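As written in TrEMBL, here are the features:
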- Glu287: active site (ACT_SITE)
- Cys126, His286, His290, His296, Met304: Zn(2+) 2 binding site (BINDING)
- Asp187, Glu261: Ca(2+) 1 binding site (BINDING)
- Asp221: Ca(2+) 2 binding site (BINDING)
- His231, Asp233, His246, His256: Zn(2+) 1 binding site (BINDING)
- Asp238, Gly239, Asp258, Glu261: Ca(2+) 3 binding site (BINDING)
- 167-331: domain 'Peptidase metallopeptidase' (DOMAIN)
- 7-30: transmembrane segment (TRANSMEM)
Amino acid sequence: MNKQFQLLNLIFTFIISFSLTFIVVSARLFPDVPSWIPSGTPPAGAWDAFRNFTGCHHGVKYDGLSNLKNYFQHFGYISHAPQLNFSDNFDDALENAIKTYQKNFNLNITGELDDNTLRQIVLPRCGVADIINGTTAMNAGKEKETTSYGHSKPKFHTLSHFTVFPGQPRWPEGKQELTYAFFPGNDLSKTVKSVFATAFARWSEVTTLTFTETESYSSADMKIGFFEGDHGDGEPFDGSLGTLAHAFSPTNGRFHLDAAEDWVVSGDISKSSLPTAVDLESVAVHEIGHLLGLGHSSVEDAIMFPTISSRMKKVVLAEDDVRGIQYLYGTNPSYNGSTTTSSPETNSGNCGRSLTTVWSLWSLFTFLTFAFSPFVL
Ligand SMILES: [Zn+2]
Ligand SMILES: [Zn+2]
């Protein structure tokens, strides 16, 4: 009887440790600005190789150019079935994609892969497409007679520069109090969670929406998690830099961050020696904009601009962002016209627990369970 109990106990321990080992996702979180200089060469950004296409010309074939076409397809600039393999030819479709991209990002519209255009293309950015269902509401959508899509009128609302998703999805009227929860497998520290709370507060300050953290991941309106590579929603992450995060339009509520980034939780990130350091709050404020229904804006100062450089902090809502969110949800009567939410700072010695450590502990636990099991029985 006693042996049976021990056997059951062992099986139970194994199941628990096995499942927890697999649901824990390691994320690279730095509680403060890393001041150390990494040894060796820094990891290449996901799109760095595109810089080699500087000066490439229409009508010529270049090795690997199909990868750039995949990039443009991902962000909505080339409409093709995903299963279709692109050629390496610099064709009309690529030239049109470049022109539309240049309009959206306030670049000279040349249709060529000039230095300024490629410098913009390789910047880390949000994974949400700029053009959804073939229609852009960024700059290029405002010049409907010159777009390559031939729509008689833009489908997006183009008041100001902000954009909303097609169909203008938003959280239902009357539902002012929204909840959010963190993916339990990440086991985030309080310091990390507070960054998201501050990011939410920036949006609630200018509207009447409120955001409250809840323990129940399954029932929360918004679900936040760090994931690596292919994580089951058809939008795989790509490692260091490249795509940083993505979020879905209302009322889906999913907000995913690439666990492979070097996320910095607090401090003056511009002073970081780590070239791949990404400011967590900046990305959180942007993605929450998507969760609430905003699309990308061509205004470079706006939170909803699609790209952000590494070692850059941008957390204050621009006028364009405020107009956008108030277009969807109305104003906050107590909002005085300027955003004031300040970023929380943590002591540099306050070391949050890295998720890699958590993963390692569970691996050790599993190992010990197996190593000592014959002696238990
Ligand atoms: Zn975005
Ligand atoms: Zn995802």
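Cβ from N, Cα, C; glycine included.
For His286 (Zn(2+) 2 binding site), the Cβ neighbour count at a 10 Å cut-off comes to 27, with all displayed protein chains included.
Within the group of binding-site residues (His231, His246, His256), the Cβ with the highest number of other Cβ atoms inside 10 Å belongs to His256.
Neighbouring residues of the recorded Ca(2+) 3 site, listed in sequence order and excluding Asp238, Gly239, Asp258, Glu261, comprise Ala46, Glu228, Phe237, Ser240, Leu241, Gly242, Thr243, Leu244, Ala259, Ala260 (Cβ within 8 Å of the Cβ centroid).
Recorded residues Asp238 (Ca(2+) 3 binding site) and His256 (Zn(2+) 1 binding site) have their alpha carbons 13 Å apart, per Cα-Cα distance. Filtering Cys126, Asp233, His256, Asp258, Glu287, His290 by Cβ distance to ligand 2 (under 6 A) retains the following recorded positions: Asp233, His256. In the three-state DSSP reading, Asp233 (Zn(2+) 1 binding site) counts as coil. A straight line from the CA of His296 (Zn(2+) 2 binding site) to the CA of Asp187 (Ca(2+) 1 binding site) spans 30 Å. The Zn(2+) 2 site is defined by Cys126, His286, His290, His296, Met304, and by the 8 Å test on Cβ atoms against their centroid, the other residues of the chain that qualify are Val128, Ala247, Glu287, Gly289, Leu294, Gly295, Ser297, Ile303, Phe305, Pro306. Listed in sequence order, the recorded positions from Asp187, Asp221, His286, Glu287 having a Cα within 10 Å of the Cα of His256 (Zn(2+) 1 binding site) are Glu287.
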